[in-house]
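To keep things clear, I will list the structure first and then write my remarks on it.
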Amino acid sequence: MSANLRVGFIGAGKMASALAQGFIKGQAVKCASHVSASCPIADKHLLEHMKQMGCQTFHCNKELMDCSDVVILAVKPQIMPLVLPDIKSLVASKLMVSIAAGVQLARLQADLNPDSKIVRLMPNTPCIVREGVSVFCSGPQVTPEDNATVKQLFGTVGQIDEVKESMIDAVTGVSGSGPAYMYLIIEAMADGGVKQGLPRDLAYKLAAQTMVGAGRMVLDTHTHPAVLKDEVCSPGGTTITALDMLEKSGLRTSIMQAVEAATKRCTQI
């Protein structure tokens, strides 16, 4: 990956902002001005955060394309048909990375041109604190060097893995949408703590750090979650009593159904 890599975002929503902050913090780019974003004038308020970070901003996709080596398509799936014809003649040898849920490589390739170098990637918002997870698949024109660039770029904001495209929708259901599930659990745990008399700030801190620590245990120890769960449960103790309540309330089934619903939604876009 070039030390002078320039990254452009077509679209300036929350995911684009999170990635931009992560790239800058992780020094994936030389300086903030090597990151740019574009959006229509009607959505100019979305560019304010980019400007505050020191990024370049445009209302013209051509200007953004001219100053970018890697272009990240960060618009909503339903906006993609409006954007792709606008940039079709500009892609040339640019590496294009789409983070739009449910938009397949074949569709992107058809709407740009057969020679386009296109990567389909699903990140998540914890990229902003460089604890994200991204999964990608590459189109037929993408070279090994391009793949290396994607891995190095997104590797600065968390973990990254390459998979078959058939897995991307399920990835969206697990990690793309997953932070929202985790925030809901954190909020519920904190509310439970407050109900039992804990101060709100302390309850959120305990719940959030507990989730961070549990995740790190799975990743660092390479131990099955069920084994780690059993290690916390003493016979007749508080944890097994709590888990019994969670099983009775259907937590496990609800989360599995949430992943399934998000995955299916990708196919409807």
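The backbone N, Cα and C atoms fix where each Cβ goes, glycine too.
Annotated features, as they stand in TrEMBL:
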type    : residues                                                             : note
DOMAIN  : 6-102                                                                : domain 'Pyrroline-5-carboxylate reductase catalytic N-terminal'
BINDING : ILE10, GLY11, ALA12, GLY13, LYS14, MET15, ALA74, VAL75, LYS76, PRO77 : NADP(+) binding site
BINDING : ASN61                                                                : NADPH binding site
DOMAIN  : 165-268                                                              : domain 'Pyrroline-5-carboxylate reductase dimerisation'
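Feature map: annotations from TrEMBL on the structure.
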| residue | record | CB count, 10 Å |
| --- | --- | --- |
| ILE10 | NADP(+) binding site | 27 |
| ALA12 | NADP(+) binding site | 28 |
| LYS14 | NADP(+) binding site | 12 |
| ASN61 | NADPH binding site | 19 |
| ALA74 | NADP(+) binding site | 28 |
| LYS76 | NADP(+) binding site | 13 |
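Mapped onto DSSP helix, strand and coil, the domain 'Pyrroline-5-carboxylate reductase catalytic N-terminal' (6-102) counts 48 helix, 19 strand, 30 coil. Each residue contributes its Cα atom, and for ILE10 (NADP(+) binding site) and the residue listed as 'NADPH binding site' these two points are 7 Å apart. Rounded to a whole number, the distance between the Cα atoms of ASN61 (NADPH binding site) and ALA12 (NADP(+) binding site) is 12 Å. For the pair LYS14 (NADP(+) binding site) and ASN61 (NADPH binding site), the C-alpha distance works out to 19 angstrom.
Between the two most distant C-alpha atoms of the annotated NADP(+) binders (ILE10, GLY11, ALA12, GLY13, LYS14, MET15, ALA74, VAL75, LYS76, PRO77) there are 15 Å. Counted with DSSP, the domain 'Pyrroline-5-carboxylate reductase dimerisation' (165-268) comes out as 89 helix, 0 strand, 15 coil.
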